[in-house]
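Colleague: Here it is, the structure in full.
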Amino acid sequence: MNDAMPKWADIVLIPLINLALALFVSGLVVALIGKNPFEALYILVNGSVGSAYGWGYTLFYATNFIFTGLSVAVAFHARLFNIGGEGQAALGGLGVALVALSIDWPHWALALPAAVIGGMIFGALWAAVPAYLQVRRGSHIVITTIMFNYIAAALMVYLLANVLKVPGSASPETARFIEGARLPNAADILPWVGFSRSTPLNVSFLVAVLACIGVYFLIWRTRLGYEIRAFGHSEPAALYAGISPVRITMLAMLISGGLSGLMAINAVMGEAERLVLDPVQGAGFVGIAVALMGRSHPLGVFIAALLFGALYQGGAELTFEMNGMTREMILVIQALVILFTGALDNMVRSPVERMFLSRRRQPEAPLPTTPLQPGGHPDDAKIEP
Amino acid sequence: MDETLAIELRGISKAFGPVQANKDISIQVKRGTIHGIIGENGAGKSTLMSILYGFYRADSGEVFIGGKKTEIPDSQAAIDAGIGMVFQHFKLVENFTVLENVILGAEDGRLLKPSLAKARKLLKKLADDYEMDVDPDAIIEDLGVGQQQRVEILKALYREADILILDEPTGVLTPAEADHLFRILKGLRDEGKTIILITHKLREIMEITDTVSVMRRGEMTATVKTAETSPEQLAELMVGRKVLLRVDKTPATPGAVVLEVENLRVVDDRNVERLRGIDLTIRAGEVLGIAGVSGNGQSELLEILGGYAKGTGVIRVNGQQIDITGSASDARTRRARGIAHVPEDRQREGLIMDYRAWENIGFGYHDDPKFNSGLLMHNSALKTDCVDKMERFDVRPPDPNLAAKNFSGGNQQKIVLAREIERNPDLLLIGQPTRGVDIGAIEFIHQQIVALRDQGKAILLVSVELDEIMALSDRIAVMFDGRIMGERLPSETNQGELGLLMAGITEDAA
Amino acid sequence: MDFLGVIQLLDSSLRLATPLLLACLAGLFSERAGIFDIGLEGKMLASAFFSAAVASYTGSVWIGLMAGIGASLVLAAIHGVASITFRGNQLISGVAINFLASGLTVVIGEAWFSLGGRTPQLEGAARFQEITLPFANAVRDVPYLGPIYADFLSGHSILVYVALALVPITWWVLFRTRFGLRLRAVGENPAAVDTAGVSVVGLRYAAVMICGVLTGIAGAYLATALSAGFVKEMSAGRGFIALAALIFAKWRPWYALGATLLFGLLEALGNRFQSLDLFGIPIPTQFMQALPYILTVVILAGFVGRAIPPRAGGEPYVKER
Amino acid sequence: EPGLIIDLGGKFDKSFNESAYNGAQRWVEETGGDYSETELANEAQREQTMRRMAERGANPVVVLGFANASTLEVVAPDYPDTEFVIVDMVVDQPNVKSVVFAEHQGSYLVGMMAAMASETGTVSFIGGMDVPLISKFACGYAQGAKAADPDANVIVNMTGTTPTAWNDPVKGAELTRSQISQGSDVVFAAAGGTGIGVLQAAADAGILSIGVDSNQNYLHPGQVLTSMVKRVDNAVYDAFTKGAAGELETGISVMGLDNNGVGFAMDDNNADLVTPEMVAAVEEAKAKIIAGEIEVHDFTTDGSCPAY
Ligand SMILES: Nc1ncnc2c1ncn2[C@@H]1O[C@H](COP(=O)(O)OP(=O)(O)OP(=O)(O)O)[C@@H](O)[C@H]1O
Ligand SMILES: Nc1ncnc2c1ncn2[C@@H]1O[C@H](COP(=O)(O)OP(=O)(O)OP(=O)(O)O)[C@@H](O)[C@H]1O
Ligand SMILES: [Mg+2]
Ligand SMILES: [Mg+2]
């Protein structure tokens with residue numbers, strides 16, 4: 001029972017302390033390589049959320065992480081560890097690109113739903129094989145999804161270098177999508193906010209928000225979600241209730257793969273406007289961290305994705321603005337954030353919990369004592385009949 | 001310093017987060033006696049003993065062993081002080097052999113070989129001395145619970161324990177096995193060892209202990225000489241009010257046949273035949289009790305009737321044969337045929353411990369149109385339903401938003417019962433209805449089962465508690481090793497006869 | 001392909017399998033004790049960097065090896081503190097360690113050598129050299145057995161032999177010693193170990209640290225034996241493959257040898273037959289490059305049954321909630 | 001003040017990016033000037049960084065690598081007063097100078113040298129990833145080898161299909177050993193950080209290797225036959241100098257053998273390895289290529305290679 005602490009402490013105070021610790025240690029690393037940590041912190045924060053420009057990038061990265069984070073989260077609810085987000089998102093990119101390139105789209109509003117479907121189907125198909133093998137052959141989904149990441153990478157290189165590339169071009173990338181298959185970006189939609197023309201943030205962010213809401217509904221409101229969670233909590237109980245493990249594993253992985261595939265809406269259709277080699281850029285792996293830190297809840301995923309988006313953008317500013325700051329520094333900061341907010345959570349939680357507990361115990365009145373003589377040995381103390 | 005005291009605890013307190021499990025407990029245990037500890041579920045018995053064994057650390061209080069103040073920061077210290085403990089939930093490594101489990105932590109050197117050889121010899125000797133045979137090379141998970149318990153006792157004896165704590169040891173034993181255990185305990189006592197026996201069975205307390213302490217809600221309410229007390233008094237001390245120790249019921253009036261089972265066989269995933277041809281029938285308005293030591297196929301019987309084990313044979317419900325092998329054979333289709341199921345292990349199967357009460361109230365029936373529209377769940381319908389059922393089954397606290405894990409065992413069981421009974425099934429399967437449930441709640445649950453029978457339902461009751469089987473059943477079938485050894489009427493049999501059947505001994509053999 | 005070709009293929013498989021084997025055995029210790037470790041990759045990378053950096057700085061590969069093991073141990077300790085002491089989520093901790101290693105190796109490397117995160121090339125005593133086993137040259141001409149001995153078994157760095165020797169040693173430690181019994185028990189049921197009077201925390205730390213040492217050797221092998229210096233991200237996913245091999249091997253030492261040799265062989269085959277014509281139709285390079293992964297899936301699905309992990313794996317040992 | 005955007009892969013990749021960086025450094029040393037520089041960390045930053053550079057007032061802005069082309073196509077028109085230089089790709093905008101290299105020609109020459117230095121008649125190539133640009137190297141190399149020795153056997157291998165393909169010296173070394181076992185005794189690496197492992201394995205096994213992009217002969221003196229240099233440094237240096245003087249010409253500039261944009265590296269480290277006959281043959285071929293008498297096929301034009 002987790003009533004040791006008020007809720008606000010659980011969801012606000014503790015994460016903030018953790019984040020502060022992570023930044024503190026990051027500051028030590030920055031200082032260690034001879035840079036000013038305060039300046040770095042300022043650039044990091046200001047660069048990511050200090051301007052419309054920064055937000056444009058922060059939210060763009062966050063969009064990717066929301067999709068991959070949700071993907072991992074949905075699988076987690078069924079107690080499946082899908083580390084195939086990289087490959088599923090790459091295949092999603094293929095699906096999106098095929099949709100975008102296949103028809104002379106008159107308007108993005110038509111192209112987007114089609115691309116959503118294309119991305120989801122391709123991502124889901126790439127997850128389907130590992131899911132099926134898990135269900136039918138007991139092949140461990142962790143291995144198979146790792147393998148499918150590599151296979152996806154090979155497939156993408158083959159297709160882009162040989163099949164989809166613009167003839168005569170040396171670039172392993174598809175042609176740029178036509179106007180009707182390009183998504184409007186933040187500057188198009190919200191010109192008055194001050195987003196720059198080039199901001200990569202685009203309507204896919206809204207799709208991501210919808211996906212969060214959708215996943216929330218799926219998991220906590222639908223019958224399927226009810227069954228997925230039940231299966232994830234206890235397989236014997238699921239069997240007892242007549243929930244088919246085969247069906248749940250397949251469906252959860254298909255949805256998970258579909259969500260990863262959706263990432264391509266943002267990265268391929270929204271930003272690059274063409275399919276390039278490796279459009280995923282590690283977002284599949286970041287999704288694992290995002291899902292774990294967000295406790296597999298869509299809102300948590302959203303917040304964690306935002307945090308990682310801000311770190312990505314702030315980190316870019318850091319390398320841009322601070323001489324001699326390598327881009328790997330940002331990996332270190334990310335790692336520390338994951339470590340402190342995710343894995344070392346109890347380091348802060350336990351003492352805080354104890355603090356709250358001791359404050360709460362004091363006013364409690366003792367239980368009324370029984371009229372019986374407590375304890376001792378019968379020779380010494382007789383009880384009332 | 002009192003040399004005659006094996007153990008003295010003074011002022012032990014222990015809190016688990018907000019739960020105060022032990023509150024300022026003091027107790028003295030004389031050397032060479034069997035000391036019983038009795039109390040409702042959750043009274044804090046296991047916690048207290050676990051503190052003595054160094055498994056938990058007390059928040060405050062002192063421990064004296066043999067009159068000497070002793071710090072027990074961990075189990076090693078307890079072992080060094082001559083204490084051995086058989087936990088309520090065994091602490092065995094399931095895929096290790098018996099020998100490996102016995103020597104674990106008490107190995108003689110860095111290498112295993114000498115320890116294993118030594119343990120094998122000692123095990124043989126202990127087996128001879130106490131008639132406790134266990135195959136030293138058997139894998140724990142292949143053993144029955146009774147055998148597993150022997151391993152736990154052997155572990156303690158191997159460590160030369162002087163003081164032996166047994167936490168609810170008889171729950172998993174046949175009466176004969178329990179008698180055997182008690183003989184062993186008496187033997188050990190006569191050798192001068194001290195024994196602490198935790199149980200919730202008053203009969204056992206009366207039968208074997210010299211003194212008994214009663215716990216209630218984390219506090220020690222009394223310690224008395226067994227000879228100077230009575231079951232009724234103990235029960236009252238435990239619960240704080242008078243309780244009915246018998247079940248009131250009228251003779252059954254059986255109706256039409258509801259369930260027919262012919263030659264039912266189940267093979268588990270390790271290719272062991274768990275059911276070896278079961279035949280039985282149950283009529284409307286009667287309770288068929290299945291007695292037996294756990295692990296003799298009862299679970300598999302419930303599982304295949306409940307729809308989630310596969311096997312061969314014939315099952316007919318209300319005269320219609322149901323599919324038990326096809327892919328459509330699952331718990332869902334069973335429920336559609338009017339079979340409700342209270343599973344043996346409510347925490348593993350019957351409930352999703354992280355689900356709130358209202359979510360659990362629809363578990364298994366979540367595809368009922370009342371609870372969903374095909375896609376979305378009607379959470380409000382579930383909640384209303386839950387509030388209603390909680391009230392009628394007196395679930396405490398009556399809070400539908402509380403997670404199942406935060407209810408006490410008895411209340412968890414009430415939630416499951418409420419859910420299954422209220423479906424108005426034709427056939428109700430009930431496994432271990434009162435396991436881990438305290439006396440007060442047992443009373444209530446038993447009344448519910450009898451009431452259901454009187455409404456004309458067919459009930460299959462599986463329990464390892466012979467008392468319960470005797471009290472509730474209209475007919476009793478005894479299972480042993482995947483077979484039904486025989487059927488008896490409760491009025492025409494006794495615990496002794498049933499106990500023999502449970503051990504696989506039929507009259508012709510005996 | 002002729003016999004010598006086969007020998008060379010096996011030779012290559014052995015080299016490629018060695019880092020996987022070391023990491024796989026490392027993971028085996030950790031996971032057998034109930035601590036899942038997806039941070040093998042990061043530890044390997046950190047060790048690769050520090051072994052190369054220190055070897056280049058001191059000129060001694062042995063000091064480098066120690067430094068690599070040390071770095072890996074530091075990360076292992078972080079994993080231990082997070083997942084044992086503070087009962088954190090082992091997966092999160094592993095992910096964090098992977099990120100930390102990819103970032104820190106470059107940040108430190110850049111600050112140290114200003115070579116963009118690389119270390120200087122290692123030469124001479126700063127590298128592990130290949131060892132020629134006794135009589136290797138003398139027996140080379142013996143048919144079949146000669147080449148097997150001289151070309152396949154002989155001529156590897158000492159760490160290869162260490163890795164091979166670690167297989168029976170691991171088996172022996174796990175199944176024949178007190179420590180091994182307790183280690184396996186703590187991964188199956190920590191409460192049993194605890195009530196037997198043995199420290200769960202101590203055992204798990206020991207296992208995590210052994211894991212650190214072995215991944216340390218794996219990383220050093222990459223940077224100071226197979227290549228001559230550190231390049232960023234040079235572990236190139238081998239930690240994950242090792243993890244896959246561990247599951248494949250069902251957490252058993254001899255199977256681990258088999259699994260990693262199989263992975264090594266598949267990769268060697270992929271290297272050797274990158275361009276292949278099948279009945280005159282050229283197979284795309286990318287297909288051949290993906291073949292090891294495809295075959296892994298096929299073998300897993302076709303021949304390897306369900307792998308049951310240690311039962312207490314991944315869950316922190318919590319007595320009081 | 002000029003600006004340089006270093007591509008994914010990093011400043012010290014020992015080849016492409018590093019060469020550009022060296023060009024910028026040379027300019028700094030010679031002119032004492034200052035320039036802005038930044039490294040890309042991921043795909044999405046391309047546009048961001050280009051715009052940031054332009055808005056910061058850098059001029060000209062040099063971007064490296066083919067992957068920037070489609071981005072620059074969009075960005076350049078928004079900054080008509082800024083001049084951009086893109087290396088390795090053509091972008092058709094009035095304020096963009098596109099610098100492309102005839103890598104196939106340079107590779108042809110080192111291919112000839114490889115075949116001539118080979119005793120086994122088998123030479124090999126290791127590329128990072130099987131993408132058109134790398135095949136352009138491989139194909140030129142194979143053509144050169146076949147030209148010098150029509151019976152030459154050319155083995156072509158690629159490291160991998162994930163980004164780690166460019167940073168996997170272990171795999172590079174293993175591929176090299178595999179090629180050696182197939183008879184190769186000269187190996188040409190065009191695989192970024194992976195190439196370091198290739199050159200190392202070649203040196204360890206006592207065979208010859210060929211470096212790429214910058215002059216890598218010094219890495220293993222006496223064991224690197226030559227390096228196929230691609231003077232990205234010159235391109236950058238040139239852009240910086242001309243940009244400062246305000247005389248940068250936009251349009252396409254092909255850096256080939258004729259203007260020393262590509263070539264093979266000769267220095268003390270490989271002086272003993274390259275025989276006068278080799279130099280003579282290669283110089284002759286070079287002259288013929290410049291004169292148009294020999295036409296080296298460019299893989300990227302049609303995705304096929306006549307030599308394999
Ligand atoms: N593991 C746990 N973590 C947190 N709280 C718990 C835990 N187990 C039990 N509780 C809390 O302690 C209370 C007592 O639980 P317990 O099962 O011991 O009750 P009980 O007195 O045995 O009741 P019953 O007779 O109904 O079984 C419950 O209300 C529950 O909220
Ligand atoms: N590890 C634990 N963490 C949190 N709460 C616990 C823990 N163990 C026991 N409790 C709680 O402490 C109280 C006392 O539990 P304890 O197991 O000692 O009771 P018990 O008398 O042995 O009951 P039972 O008859 O059910 O075995 C209960 O409310 C229980 O829920
Ligand atoms: Mg108890
Ligand atoms: Mg209880």
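Cβ from N, Cα, C; glycine included.
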Colleague: In TrEMBL, which of the ranges A:83-103, A:251-271, A:272-292 has the transmembrane segment annotation?
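Modeller: The listed stretch tagged transmembrane segment in TrEMBL is A:83-103.
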Colleague: Please determine whether the transmembrane segment (A:12-34) and the transmembrane segment (A:328-348) are in contact (criterion: at least three Cβ-Cβ distances under 8 Å, sequence separation 6 or more).
Modeller: yes
Colleague: Which residues of the same chain, at least 6 past either end of the transmembrane segment (A:54-76), have a Cβ under 8 Å from a Cβ in it?
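Modeller: Same-chain contacts beyond the ends: 46-48, 82-83, 85, 88-89, 123, 186-187, 195-196, 199-202, 204-205, 208-209, 211-212, 215, 218-219, 228, 232, 252-253, 255-260, 262-263, 265-267, 270-271, 283-284, 286-288, 290-292, 294, 296-298, 301-302, 304-306, 308-310, 312-314, 316-317.
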Colleague: Check the transmembrane segment (A:83-103) against the transmembrane segment (A:141-161) for contact, please; criterion is three or more CB pairs under 8 Å, pairs 6 or more apart in sequence.
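Modeller: Result for the transmembrane segment (A:83-103) with the transmembrane segment (A:141-161) is yes.
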Colleague: Could you tell me what the rest of the chain brings near the transmembrane segment (A:141-161), counting residues at least six beyond its ends with Cβ under 8 Å?
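Modeller: Distant contacts of the transmembrane segment (A:141-161): 80-84, 86-88, 90-91, 93-94, 126-127, 129-131, 133-134, 172-174, 253, 275-278, 284.
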Colleague: Should anything in the same chain at least six residues away from the transmembrane segment (A:299-316) have a Cβ under 8 Å from its Cβ atoms, list it; otherwise answer none.
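Modeller: For the transmembrane segment (A:299-316), the list is 19, 43-45, 47-49, 54, 57-66, 69-70, 73, 209, 212, 216, 286, 289-291, 293, 327, 329-330, 333-334, 337.
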